[in-house]
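Summarising the annotation, Swiss-Prot assigns compositional bias 'Low complexity' to 152-167. If you look up Swiss-Prot, you'll see 279-316 marked as domain 'LIM zinc-binding 1'. What Swiss-Prot records for 339-398 is domain 'LIM zinc-binding 2'. According to Swiss-Prot, the domain 'LIM zinc-binding 3' annotation covers 399-467, on the basis of sequence analysis. Among the features that Swiss-Prot reports, asymmetric dimethylarginine is placed at R25. The omega-N-methylarginine feature in Swiss-Prot is assigned to R25, R111, R179, R186, R205, R236, R238. For 1-93, 108-253, the entry in Swiss-Prot reads region 'Disordered'. The region 'Interaction with MAGI1 and PTPN13' annotation in Swiss-Prot covers 469-476 and is backed by experimental evidence.
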Amino acid sequence: MSGPTWLPPKQPEPARAPQGRAIPRGTPGPPPAHGAALQPHPRVNFCPLPSEQCYQAPGGPEDRGPAWVGSHGVLQHTQGLPADRGGLRPGSLDAEIDLLSSTLAELNGGRGHASRRPDRQAYEPPPPPAYRTGSLKPNPASPLPASPYGGPTPASYTTASTPAGPAFPVQVKVAQPVRGCGPPRRGASQASGPLPGPHFPLPGRGEVWGPGYRSQREPGPGAKEEAAGVSGPAGRGRGGEHGPQVPLSQPPEDELDRLTKKLVHDMNHPPSGEYFGQCGGCGEDVVGDGAGVVALDRVFHVGCFVCSTCRAQLRGQHFYAVERRAYCEGCYVATLEKCATCSQPILDRILRAMGKAYHPGCFTCVVCHRGLDGIPFTVDATSQIHCIEDFHRKFAPRCSVCGGAIMPEPGQEETVRIVALDRSFHIGCYKCEECGLLLSSEGECQGCYPLDGHILCKACSAWRIQELSATVTTDC
């Protein structure tokens, strides 16, 4: 890259004059106060920068100085010389491309670059943006309103007569190449704050920018061509993206096959008012009067309602339902339990006792033949069933006095008896054999004093002992 070359100073000034800001207004005016007059100098060609690009106005050799493009694409001149507004012809394609490139580079440029001196600028120009040659339209440069501050201000390039001193700083913005972001709209007014960041349009909803930098929402010559590459609301943008998805209709062959099957099914199964439902045996429809049988809360064909064992038809016959299965009477009886007393099948209630099944009328006492349904009973050693009374009468111990069976008292379940001399006695039969005194097994006075196999009280037992002693003495 090449920088600006300057002529050696001819008239150096010993004094330094303050430099002011050069305001390019585009109108001729007095030369800036630098303490020395401007000297003619040869034409200087500046290297193109991302934010400031120099153009040679086509006005002829009488052009006063190098022109440069400031922020927002307005052609300006340095050294306070008037800007040639008509120098950039609307029909010039190259000038329009450079103007758009500089605007894109400056407004999309990176932020935070430090200000550099104009004599130390060395940058590579960014690649020109993609454009369409067929849709370029001349855009007249809008005049920049004067503002007290804001934006990059061009430096006053001094000639040989300018004293050597600190040059006015020039703010240079370098554009950073950003992929996927569209340039902002032209015509934005210059503000004092920092430039806005790059605009990233949302895919499918953002603005599509064409070579003329027109939005789809703005009516213009290039809007129609750009909108052709964007589908409707349901579609996506360009670049190999998806379009609106249209549901595919069913092939005619499949539709015809489906209609044919439906027609055949309707012909084989015509709707009828005599339809009763599906058969519980075969699962087919029961249609027609007299063709079905209702049983077990279901509908059966006449030929399907048969016995589950012998397969005999049960229409008009008695049948037995066991676990939702139908049985004829013979097959049902064969499956029943037999009574342990009469050996007949039990068709009604079953009375179970000691692991056997009985008819309620067959479960009786073997002595009195009374039914024992709900009555306590007992069995003997041969598994004969007895009621409690008959069992005690038959198997209870006998009293040695009266000879009767010793049985429990009414309302009692236990039998109370007195055993003495290996004999059993009722409580009321346990008396002294001499005087008839009621003996007791607990009292000492009324206790039993047996003598020679007799039950005697204490007094009677003593009298008998004395009597026997006297007899023995007399015999001696």
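Each residue, glycine too, has its Cβ placed from N, Cα and C.
Per-residue confidence over the region 'Interaction with MAGI1 and PTPN13' (469-476) averages 67 (mean pLDDT, predicted model). When DSSP labels each residue, the domain 'LIM zinc-binding 2' (339-398) comes out as 8 helix, 16 strand, 36 coil, counted as helix, strand and coil in that order. For the domain 'LIM zinc-binding 1' (279-316), the number of residues in each DSSP class (helix H, G, I; strand E, B; coil) is 0 helix, 14 strand, 24 coil.
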